[in-house]
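Okay, these came from TrEMBL:
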| type | residues | note |
| --- | --- | --- |
| SIGNAL | 1-26 | signal peptide |
| TRANSMEM | 71-96 | transmembrane segment |
| DOMAIN | 152-379 | domain 'Protein kinase' |
| BINDING | Lys181 | ATP binding site |
Amino acid sequence: MGVSGKGGFLAVVAVVGRGAVLLADAARVVDFGEVGSPPAPSPVADAPYLPDVASPPAVQTEGGNHYQKEILVAVILALAAVIVTVVSAIYAWTFWKKTRQALDSKDKKLSSTTKGHMLLPMFGKLNSMKTSKKEVVAMMDFSVLDSATGKFSENNILGKGGFGCVYRACLDRGVVAAVKKLNCCRQEVEKEFENELEFLGKIRHPNVISVLGYCIHEDTRLLVYELMQNGSLETQLHGPSNGSALSWYIRLKIALDAARGLEHLHEHCNPLIIHRDIKSSNILLDSDFNAKISDFGLAIYGGNHNKADLKPSGTVGYVAPEYLLDGQLTEKSDVYAFGVVLLELLLGRKPVEKIGDSHCQSIVSWVCFAISVLCGLCI
């Protein structure tokens, strides 16, 4: 018997209702005595006078008793049928409900498992996992990354940094990623590698780059990121196109995206995270020019930091004056660097430019000078 959903419940109600009607009809039949026998007529006032005649003795017919027994048997059978039907319907409903719950639970587990595997790169080519508190970063085989980058071919180089190169990698199922290859010849490189895993392994935000996996192979450290098709903001602004692809709408969008990512680090992470290297080259753009903050190699948790505890770091032109001169490091140092990025978006100038053979000028100094000139003209 198949009973499903709301229809099964309505069927049970209909059966119970039909049984009640049958029982009511049977009760009326028993009250009347015989089928078709009308009730005794009421005495009428103007009935004609009839002489008293001795009534014949009542005769109980054998056929009448037999008919009443048949009615009683029919009522009992109908009642039994109703009870059996109701019990069967309830059993079928209960069985269907339990089966449905089991299927739903199985589907949820399967969906959760599938979703979890989709978050891990290479879809089954993992050999171990690195856990950082509640977040997981997948360890990947070096042979897989070596093959995905064409043995780290120069044709797949997306960019170069102080400690290594970033390569384009074609993974399984057509997934394209970026692989940063670090040569750990210095302690700073190992620290940068650990920082990337520590921070990006826990941060989940649409305006912060996602790390998909990592690999440790001899003295080489590799980090796998989502690929950002439009490269860095620095390349878009100061590269061959000189910002021609960036309309004012896109520039405003990039500024808002970067601000949201920075707000997440400062306001919603506990403890707060100070990036320490906000700059246009560390703001990456996807195919729709959505901006994401990257490169957490210098990042630290917020708190009280002494000047002796921290080695001065950052990029010239983006470092806040109080940090550069007095070693005072707070989240406002990131805000200062973000302000420099905003000036780059507005003016299209580099953070530091040469103004002579031996002289350079920062974009902040240039803006301050321009404002002073304008103010002098207005006086």
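The count begins at 1 with the first shown residue.
Yeah, the Cβs are placed from backbone N, Cα and C, and that goes for glycine too.
These figures come from a predicted structure and were not determined experimentally.
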For a quick check of packing: other C-beta atoms within 10 Å of the C-beta of Lys181 (ATP binding site), how many?
20
What kind of secondary structure is Lys181 (ATP binding site) part of, going by DSSP in three states?
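DSSP assigns Lys181 (ATP binding site) to strand.
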